[in-house]
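Trainee: Got a structure for you, questions after.
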Amino acid sequence: MAKNTITKTLKLRIVRPYNSAEVEKIVADEKNNREKIALEKNKDKVKEACSKHLKVAAYCTTQVERNACLFCKARKLDDKFYQKLRGQFPDAVFWQEISEIFRQLQKQAAEIYNQSLIELYYEIFIKGKGIANASSVEHYLSDVCYTRAAELFKNAAIASGLRSKIKSNFRLKELKNMKSGLPTTKSDNFPIPLVKQKGGQYTGFEISNHNSDFIIKIPFGRWQVKKEIDKYRPWEKFDFEQVQKSPKPISLLLSTQRRKRNKGWSKDEGTEAEIKKVMNGDYQTSYIEVKRGSKIGEKSAWMLNLSIDVPKIDKGVDPSIIGGIDVGVKSPLVCAINNAFSRYSISDNDLFHFNKKMFARRRILLKKNRHKRAGHGAKNKLKPITILTEKSERFRKKLIERWACEIADFFIKNKVGTVQMENLESMKRKEDSYFNIRLRGFWPYAEMQNKIEFKLKQYGIEIRKVAPNNTSKTCSKCGHLNNYFNFEYRKKNKFPHFKCEKCNFKENADYNAALNISNPKLKSTKEEP
């Protein structure tokens, strides 16, 4: 039976810990007092430096704006104030402490994750000589991995999160066939996974809406701050010890101020509407991840990923109407419908040409900075490359999202309820094909297929993966196999139209392949878990 919901991930930035109402009132009053003092001292400079702040009537969101804004500078509280406040309220948690807690938990979670993966691989492929099944993996995860994490963290939510993370990343069939390696990770990039537990105290995620602010309470309860600071480590402002008895969970304030300024906040569909429904309790979350920011300027920030089940949007599609999507180089995406003349194609492969330019620019920067930017570490030397990579990733994601929306609109307009796509997993193993090498090098086809598949499933359209064998050589009219029409022939003749040797049927090569893919007689291939 098909599910009526689809799992979606919402990404929000953690602003700061949210304490009791009394502590929050003291902090807000102190910020307002300092803002008034700064306003009286700098009356002449306020209009020039804080014009945006005064127009928007809200506080700055980016770090550049905060550094240039006198209001934000004045509202920034120092360590002396927090030390004094910590003496009055010992249970209060502030940003420096919560950041250190996240860092310690992230490091220990990554260690358990890597250790469990290595031991699981050893038990199956070294000791067991490759003889294992899904039940034995589940037995190891329940008995060894979960027990080890629960003993270390004294937290069932993190232990269950690590177990599910290892289970999803440990692909037994791919490891047996040597299609992939062991998916170990670094502690800087590893998230802190938490799974909602049933029963008991402080086991779930309590989400509340206080003065239109998104507040989530999560069961982190096992760390507390030592009063004594180690004299041998004066650079560390806080030192932590692990306690056996879990105190109250930590409340976190999530960033929604920038989203509230957008027009989408007042709409009933979209990401902003889903965030509002989570805040109001309409959508429930059972899995979250705390992760360090990955973009430039967000390395010191912490992000929270919430997994929610969103109901599918009913567009009145017909499952008996079958469509097909062909992936190519000259035309990146071509859509066709079985026994129909409607078609849709994205003719200009902007992403392919953009990636080629990015690779060329990357080579120029590497050659240019070979003897420059030296003496300050690899991070400083490769900073231009990192900036270029992030720009290209943002462009790629936006372009793929636009293509996915256009394809979804085409199939919804034609009431298509089933879409067949090529299973391109075999392209990982074929190194002798020029087409495969070219496609993998400049075009993230897997990411594009996943995005299109997710977008179509949102509207209740079923996805079927079919084998890509001879879809470009077969005539969509008579079914004759034209062996001459291979990729070398198409490349030599500058990607000509397809012409059948038997019935002289002539059509665009990518559209002919899309028609073959939309054939309901093709056998579906199930992807390996």
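Quick reminder: no glycine exception, Cβ is built from N, Cα and C everywhere.
Okay, so Swiss-Prot annotates it like this:
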ACT_SITE  D326  active site
ACT_SITE  E422  active site
ACT_SITE  R490  active site
ACT_SITE  D510  active site
BINDING   C50, H53, C69, C72  Zn(2+) 1 binding site
BINDING   C475, C478, C500, C503  Zn(2+) 2 binding site
REGION    1-95  region 'Zinc finger domain (ZF)'
REGION    96-192  region 'Recognition domain (REC)'
REGION    193-312  region 'Wedge domain (WED)'
REGION    313-321  region 'Linker'
REGION    322-473  region 'RuvC-I'
REGION    474-508  region 'Target nucleic acid-binding (TNB)'
REGION    509-529  region 'RuvC-II'
Trainee: Relative to the mean position of the Cβ atoms of C475, C478, C500, C503, the recorded Zn(2+) 2 site, which additional same-chain residues have Cβ within 8 Å?
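Mentor: What remains near the Cβ centre is S476, K477, G479, H480, N482, E501, K502, N504, F505.
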Trainee: Name the secondary structure element type, per DSSP in three states, that contains E422 (active site).
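Mentor: E422 (active site) sits in a strand per DSSP.
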Trainee: Near E422 (active site) in space, meaning Cα within 10 angstroms, which of the recorded positions do we find among D326, C475, C478, R490, C500, D510?
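Mentor: Those near E422 (active site) - Cα within 10 Å - are D326, in sequence order.
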Trainee: If you draw a 10 Å sphere on the Cβ of D510 (active site), how many other Cβ atoms land inside?
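Mentor: Result for D510 (active site): 26 other Cβ atoms within 10 Å.
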Trainee: Of the binding-site residues C475, C478, C500, C503, which one sits closest to D326 (active site) when you measure Cα to Cα?
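Mentor: Nearest candidate: C475.
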Trainee: Out of C478, C500, C503, D510, the recorded positions in the record, which is closest to R490 (active site) when you go by Cα distance?
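Mentor: That would be D510, nearest by Cα distance.
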Trainee: Using DSSP, what's the helix, strand and coil tally for the region 'Linker' (313-321)?
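Mentor: Here the numbers are 0 helix, 4 strand, 5 coil.
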Trainee: Quickly jot the same-chain residues contacting the region 'RuvC-II' (509-529) by Cβ under 8 Å, restricted to those at least six beyond its ends, or write none.
Mentor: 171-174, 322-326, 328, 330-331, 334-338, 343, 345, 420-423, 425, 464-467, 471-472, 474-476, 485, 490, 495-498
Trainee: Tally every other Cβ atom lying within 10 Å of the Cβ atom of C503 (Zn(2+) 2 binding site).
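Mentor: There are 12 such Cβ atoms around C503 (Zn(2+) 2 binding site).
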Trainee: Looking at Cβ-Cβ distances, which residues of the chain lie under 8 angstroms from C500 (Zn(2+) 2 binding site) while being 6 or more apart from it?
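Mentor: Looking at Cβ-Cβ distances below 8 Å from C500 (Zn(2+) 2 binding site), excluding near sequence neighbours, one finds C475, K477, C478, H480, N482, K506.
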Trainee: Between the binding-site residues C475, C478, whose Cβ has more other Cβ atoms within 10 Å than any of the rest?
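Mentor: Within the set of binding-site residues, the most crowded position is C475.
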